[in-house]
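A.B. asks: Encoded as structure tokens, here's the structure I'll be asking about.
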Amino acid sequence: MSCSTEIVNGPIPKNFLSDTSKRLDSLLFKDGCLQVLDQLLLPHSFEYIDIRGVEDAFKVIKSMQVRGAPLIATVGCLGLFVELESGKDIEKDGQDFRKQVLKKIEYLISSRPTAVDLRNALNSVIPLLEKEEDLKTLAEKIKKRLLEVYEKETVENRQLVWNAYQEVVSAHPGKEKLKVMTICNTGSLATCSWGTALGAIRALHAEGRLELVYALETRPYNQGIRLTASELLHGGVPFKVITDSMAAWVMKNERIDAVLTGADNVALNGDSANKIGTYMLAVLCKHHGVPFYPVVPRTSINRSRETGDGIIIEERPSNELLQINGQFIGPEKTPVWNPAFDVTPADLITKVLTDFGNFEPKSLKAAVETLDSY
Ligand code: MRU
């Protein structure tokens, strides 16, 4: 492959991020029982919700009780898994079962439109539905596939974090400790493992290479101050929260070594959709000469899009902007536009850091083409 020199993969040291005791768990899945942490209650209370099937999974994803592209994919898949496991929806007639599963997949996918992980994961079940198979075998194969989504995430996330950590450290030879900036929440609360951008930041800290992380509060829904602050405090990671509008001033006055973000939907040319405000950070990075890195699992790559044009941008209800904790912070009838994501053009991206290597945007497509289908 022509871009092989850009790949940083390699053996991960055994003790790399081996201590999970200081990690907040977004999801508990044991003996076929699924529970998810209600993230809307954070930081005030720490409660898990039972997920007994597709309807429960849809509700927690739509309401953003669980959120973060890789996590919603896992919760969608495990929601379908526990429903199939209960056996209550399996009809005697094979065609009916296939139709029902397809309907449930479409329903789950409709919960949040921008993050491609959910679509990628659930769509990977569809080829199984097209095979001639007795019902019991088919149901077992579907469940196996759904479980794989969960199991593979942990393994691929570890490689992603290692690759991202190596890239950031090797871009700053001779610098012992780094100052970084991030947006939204991309940690264990957005995945079932360490996280994407925040996972790499946790690795910098664990390896003694982090001076400080500036975390944007991330209006309108405050995932930065509610969730990232909770994770970093819990993990003992040095950080400061800033408002989104402070980012330029911080970049001008503080030495920021890198900006690391997540991504919900990455086109083959590297254009990356992520939480609203990410594009602004990339523009600021260009101006201040700071490297800008989306940290992206393969599951967030959209193989059907050459560019970011046309990525569906989710619009959230106006109250998510107009209210904080149920209290209006502006006149109730204020007209609001509330897009939840923006698209950072590839030319503002230094490298896309992935579990299969780190690539300049121009090399991403060729690398993706070497991967197996999802
Ligand atoms: O609206 P959210 O909270 O689901 O948005 C989350 C993000 O934008 C993350 O950066 C993204 O999902 C990728 S990182 C795991």
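Using the three backbone atoms N, Cα and C, a Cβ is placed for every residue, glycine included.
Bear in mind that TrEMBL entries carry predicted annotations, made automatically and left uncurated.
What TrEMBL records for this protein is below:
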SITE      Cys184  site 'Transition state stabilizer'
ACT_SITE  Asp264  active site, proton donor
A.B. asks: Please report the number of other Cβ atoms within 10 Å of the Cβ of Cys184 (site 'Transition state stabilizer').
C.D. replies: 29
A.B. asks: In Å, rounded, how far does the Cα of Cys184 (site 'Transition state stabilizer') sit from the Cα of the residue listed as 'active site, proton donor'?
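C.D. replies: Rounded to the nearest whole number, the Cα-Cα distance is 12 Å.
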A.B. asks: With every protein chain in view, how many other Cβ atoms are within 10 Å of the Cβ of Asp264 (active site, proton donor)?
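C.D. replies: Counting Cβ neighbours of Asp264 (active site, proton donor) within 10 Å gives 32.
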